[in-house]
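What follows is a single structure, written as structure tokens, with notes after it.
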């Protein structure tokens, strides 16, 4: 993904204001609520029967944190997202068989949750920069798909 130095500074600066453990659970939970067909990948997570069950589910929160920890690592390597996410791409392609479109959906949820959490600090420029990043991450995660 091509980001200017200003966009990189904006993305990493704002990232320091969020708590990935909270943000990840919120974004993943919203994905599972808004796009219920994505729940099929999380059968082992227990009660996914309603929005409140999903949003309060400790396994959803834990996996959301794991996702955001990986995203945080990606922010350290914005010039090499494909390399950074190569093993996760392979896992999601070959073992989990996740539809790569889901990566885009989760990225959009992440941007929405960031906008909500950061309020006025999440300027149009910040949104544009984050949209580039989540698109780049989604592309990197889809890289190993045939």
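Quick reminder: no glycine exception, Cβ is built from N, Cα and C everywhere.
Annotated in Swiss-Prot:
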- 1: N-acetylvaline (MOD_RES)
- 2-146: domain 'Globin' (DOMAIN)
- 12: phosphothreonine (MOD_RES)
- 44: phosphoserine (MOD_RES)
- 59: N6-acetyllysine (MOD_RES)
- 63, 92: heme b binding site (BINDING)
- 82: N6-acetyllysine (MOD_RES)
- 93: S-nitrosocysteine (MOD_RES)
- 144: N6-acetyllysine (MOD_RES)
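Spacing of residue 63 (heme b binding site) relative to the residue listed as 'phosphoserine' is 12 Å (Cα to Cα, whole number).
Within the model, the domain 'Globin' (2-146) carries an average pLDDT of 89. Break the domain 'Globin' (2-146) down by DSSP state and the numbers are 116 helix, 0 strand, 29 coil.
In sequence order, 42, 44, 45, 46 constitute the residues six or more apart from residue 59 (N6-acetyllysine) in its chain with CB-CB distances below 8 Å. Across the fold, the C-alpha of residue 82 (N6-acetyllysine) and the C-alpha of residue 1 (N-acetylvaline) stand 9 Å from each other. Rounded to the nearest whole angstrom, the C-alpha distance between residue 12 (phosphothreonine) and the residue listed as 'S-nitrosocysteine' is 28.
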